[in-house]
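A quick write-up on the structure given underneath.
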Amino acid sequence: AAAATQAVPAPNQQPEVFYNQIFINNEWHDAVSKKTFPTVNPSTGEVICQVAAGDKEDVDRAVKAARAAFQLGSPWRRMDASDRGRLLNRLADLIERDRTYLAALETLDNGKPYVISYLVDLDMVLKCLRYYAGWADKYHGKTIPIDGDFFSYTRHEPVGVCGQIIPWNFPLLMQAAKLGPALATGNVVVMKVAEQTPLTALYVANLTKEAGFPPGVVNVVPGFGPTAGAAIASHEDVDKVAFTGSTEVGHLIQVAAGRSNLKKVTLELGGKSPNIIVSDADMDWAVEQAHFALFFNQGQCCGAGSRTFVQEDVYAEFVERSVARAKSRVVGNPFDSQTEQGPQVDETQFNKVLGYIKSGKEEGAKLLCGGGAAADRGYFIQPTVFGDVQDGMTIAKEEIFGPVMQILKFKTIEEVVGRANNSKYGLAAAVFTKDLDKANYLSQALQAGTVWINCYDVFGAQSPFGGYKMSGNGRELGEYGLQAYTEVKTVTIKVPQKNS
């Protein structure tokens, strides 16, 4: 890690903001209402700049631009699939050119450590866009041997105008994961970026213009969920909506889609993912990975390993070592290369997490370390570990989205399966064991869209991610991620004579 850190270029800790308006038709606009909102540096609580506050009227303008770009005969609809791939590769090249700037801007607006922004987030952004660039001319239909004198085949056609609503925890990465499959398959996009972290997505919007995407293909509207987000979800001329965020808002989006034009919906929502430490696990590795599973990204991961189930005969040792690791975690200025943990994204999240810590103490969980603010200013929270957590406690059931680890004890594999699955969520799960039979059994028994064995938070552009139950609908990334962005059309032609 130290060697990798040395390879990271020094950041500008005060990166200039070039774009803070609404991006429609490859042009920058103020909000129709002229309203703005502040975006804040979570390390200091200070305002970085004002950003145009998009609302229903701005979404309407963006949808009109997108619909015009999607008309039959338009440059985008007439473009060869291979050229769509070329544009995505060009976009990735431009992001790579500006990688140092974008990583610094992400850290300024989001608070995540700059080294992570540069090495993890930006790396995955590039891989994701290039992966989908490769799919552009390879995701196609089939010819079908239908009975009779007919020729039948399928076409994979773009869905059309895609509303995409992205969260604040991985702004650049979530933007790439949604733009990649949508643009590779020929769709047009109206994207609503999180009000907490709009700056990097707006910069990338300008790069889509520089890359050569035609006007109206990519439109980006900063704004709030109840206004701009709701306008997208309920819009009669949006063909599909994709949302990443809380399960609570996911409900609202699915309802709005149903009440309007029954647009297609994909949702990647919350989680309370179980991380199961079997007694035969490699203890050094399990402790470090369980720490990473929960504390990575300030605990602000939908798939965080937020219920750490530890088999009883290694429970005491695991707890002791996990507390020591949490106490050694370096919290501080995210631009410092030694920092492991920056601030929570904003004051709302900061207070929410502290509220969950209070609840854990009140309900009888054992606070083993942390438990409070970690600085006099900014939204920093101490790495916190609770032991003796019971399944019925609020901190064991609800998504905290912060640096708060819950450790629970279990006896048997059968018992832990039932407890792990006793959740409204089903996003991810993990198992640490050297026993292949236990790993295999648990990978099948756990109700989760992703199961990691002897690892955690391993993502690839090639592997799909999504949830069971109330963790969402559909999958993102991988070949599976293309399905939500295409309509399958069957074409059948009468022929004089069919031969094999």
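Keep in mind that glycine also has a Cβ here, set from the backbone N, Cα and C atoms.
Worth saying up front: this structure is predicted, and the values here are computed from it rather than measured.
What Swiss-Prot records for LYS35, LYS56, LYS142, LYS358, LYS366, LYS409, LYS411, LYS424, LYS434 is N6-acetyllysine. What Swiss-Prot records for GLY245, SER246, THR247, GLU248, VAL249, GLY250 is NAD(+) binding site. The active site, proton acceptor annotation in Swiss-Prot covers GLU268. Taken from Swiss-Prot, the feature active site, nucleophile applies to CYS302, supported by sequence analysis.
Closest to LYS409 (N6-acetyllysine) by Cα-Cα distance, out of the recorded positions LYS35, SER246, LYS358, is LYS358.
Remark: GLY245 (NAD(+) binding site) has ILE165, PRO167, GLY225, LEU269 as non-local neighbours, by Cβ distance under 8 Å and separation of at least 6 in sequence. Cβ neighbour count for CYS302 (active site, nucleophile) (all protein chains, 10 Å cutoff from its Cβ): 25. Around the Cβ of LYS409 (N6-acetyllysine), a 10 Å sphere holds 19 further Cβ atoms from the protein chains shown. Cα of LYS358 (N6-acetyllysine) to Cα of LYS366 (N6-acetyllysine): a distance of 11 Å. Listed modified residues near SER246 (NAD(+) binding site): none (candidates LYS35, LYS142, LYS434; Cα-Cα distance within 10 Å). Sorting the modified residues LYS56, LYS434 by the number of other Cβ atoms within 10 Å puts LYS56 first. Ranked by how many other Cβ atoms sit within 10 Å of their Cβ, the modified residues LYS366, LYS411 place LYS411 at the bottom. Comparing the binding-site residues SER246, THR247 on other C-beta atoms within 10 angstroms of each C-beta gives the minimum for SER246.
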